[in-house]
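One structure is given here, and the rest of the page talks about it.
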Amino acid sequence: MEKTLETVPLERKKREKEQFRKLFIGGLSFETTEESLRNYYEQWGKLTDCVVMRDPASKRSRGFGFVTFSSMAEVDAAMAARPHSIDGRVVEPKRAVAREESGKPGAHVTVKKLFVGGIKEDTEEHHLRDYFEEYGKIDTIEIITDRQSGKKRGFGFVTFDDHDPVDKIVLQKYHTINGHNAEVRKALSRQEMQEVQSSRSGRGGNFGFGDSRGGGGNFGPGPGSNFRGGSDGYGSGRGFGDGYNGYGGGPGGGNFGGSPGYGGGRGGYGGGGPGYGNQGGGYGGGYDNYGGGNYGSGNYNDFGNYNQQPSNYGPMKSGNFGGSRNMGGPYGGGNYGPGGSGGSGGYGGRSRY
């Protein structure tokens, strides 16, 4: 059937609805099958899909999978019941990242701090609290103001006691707070940005999924620290990050889709200079090291100007990173494997799974 202008938005809407109901399950035992995975997660609701990702050649488990529930409420119930243990192993469930978002920097990083842009002068802390507390327990709320004038800079941060509210909020994308459209992103610290930058060269460190070599996390069957790969890791080929966790990179580079660094350029996470973006500057800088990258050097998606002083904390930048080669099939097929699109590695290679 030929796709029309009318069917494309309908398909996208259907896919987005499914995305809200899907969980990524990392750290699976190699003994875990679709049947045992399904049996475990059906305690929270009806599953419409369940898959353990396997190497297309050897059929060996890659140590992760996906489950899709019939409703978002069931997903919430499952996430509220963490930790999860399947076949004697504690696993890590996370809300699955949409295919079109998976190549963006920070998409797979687990954080508890949310960046909120588009904050107007009439928006106060209680507006943010009233809106976001339905997603989870809030630890702190910060609306950033100019030190001299006291005026709002148009953005702030909401910190939760868990990463799942942040994952859920950014997955939904569109939010209206106090009558104004808001932009929400994961907020990454300077340290987190630098850790991702260093991933392209395979230098030390831990991104929260395991130790450096030979131990810790278990997100892939490879001998080299599991989650970041080895010879048979998360994305096949060189693994999920090849020595660190560059999310699919080749030997020390290549990362999210084959460009040098995490999204092209020289500096990894957005290329170029320190911080997030391609130039210096900062996202509303001068406030306890918040900002970083080139946020604020111009309008931010029509939400206003966020000033240009240098600083160190900022949102996950949007835009396409890693070449934008569309991943085939419901579980990808490109930007998770070595070099980018459609390879035999990837989040499923060329096949459906």
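Backbone N, Cα and C define each Cβ position, glycine as well.
Feature annotation from Swiss-Prot assigns phosphothreonine to T4 (among others); the stated evidence is a large-scale study or a structure entry.
Annotation source Swiss-Prot lists domain 'RRM 1' at 21-104. Taking the domain 'RRM 1' (21-104) as a whole, pLDDT averages 97 in the prediction.
The Cβ of K22 (SUMO2 cross-link) has D49, F66, V67, T68, F69, V75, R95, A96 as same-chain neighbours under 8 Å, each 6 or more residues away in sequence. The annotation SUMO2 cross-link is assigned in Swiss-Prot to K22 (among others) on the grounds of a large-scale study or a structure entry.
Taken from Swiss-Prot, the feature phosphoserine covers S85 (among others). Counting only same-chain residues six or more apart in sequence, the Cβ atoms lying under 8 angstroms from the Cβ of S85 (phosphoserine) belong to V91.
Per Swiss-Prot, the feature SUMO2 cross-link maps to K104 (among others).
Taken from Swiss-Prot, the feature SUMO2 cross-link covers K112 (among others). All protein chains considered, the CB of K112 (SUMO2 cross-link) has 17 other CB atoms within 10 Å.
According to Swiss-Prot, the feature domain 'RRM 2' maps to 112-191.
Per Swiss-Prot, the feature SUMO2 cross-link maps to K120 (among others); the stated evidence is a large-scale study or a structure entry. Its own atom aside, the Cβ of K120 (SUMO2 cross-link) has 16 Cβ atoms within 10 angstroms in the protein chains shown.
Annotation comment: Swiss-Prot describes K137 (among others) as SUMO2 cross-link, evidence class a large-scale study or a structure entry. The Cβ of K137 (SUMO2 cross-link) has F160, D161, D162, P165 as same-chain neighbours under 8 Å, each 6 or more residues away in sequence.
Feature annotation from Swiss-Prot assigns phosphothreonine to T140 (among others). The DSSP secondary structure for T140 (phosphothreonine) is strand.
According to its DSSP assignment, S149 (phosphoserine) is coil. Among the features that Swiss-Prot reports, phosphoserine is placed at S149 (among others).
A 10 Å cutoff on Cβ-Cβ distances gives K152 (SUMO2 cross-link) a total of 19 other Cβ atoms nearby, all chains included. The SUMO2 cross-link annotation in Swiss-Prot covers K152 (among others).
According to Swiss-Prot, the SUMO2 cross-link annotation covers K168 (among others). When Cβ atoms from all protein chains are considered, those within 10 Å of K168 (SUMO2 cross-link) total 18, not counting its own.
Positions annotated as SUMO2 cross-link by Swiss-Prot: K173 (among others). Within 10 Å of the C-beta atom of K173 (SUMO2 cross-link) sit 12 other C-beta atoms, taking all shown protein chains into account.
If you look up Swiss-Prot, you'll see K186 (among others) marked as SUMO2 cross-link, on the strength of a large-scale study or a structure entry. Annotation note: K186 (SUMO2 cross-link) sits in a strand segment as assigned by DSSP.
The phosphoserine feature in Swiss-Prot is assigned to S189 (among others); the stated evidence is a large-scale study or a structure entry. Counting every protein chain shown, the number of other Cβ atoms lying within 10 Å of the Cβ of S189 (phosphoserine) is 16.
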>> Please report the distance from the Cα of K173 (SUMO2 cross-link) to the Cα of K120 (SUMO2 cross-link), rounded to the nearest angstrom.
In response: 18
> Which recorded positions from the set K120, K168, K186, S189 come within 10 angstroms of K152 (SUMO2 cross-link), judged by C-alpha positions?
Replying inline: K120
>> Using a 10 Å cut-off between Cα atoms, which of these recorded positions sit near K112 (SUMO2 cross-link): K104, K120, S149, K168, K186?
In response: K186
> Using DSSP, how many residues of the domain 'RRM 1' (21-104) fall into helix, strand and coil, respectively?
Replying inline: 23 helix, 32 strand, 29 coil
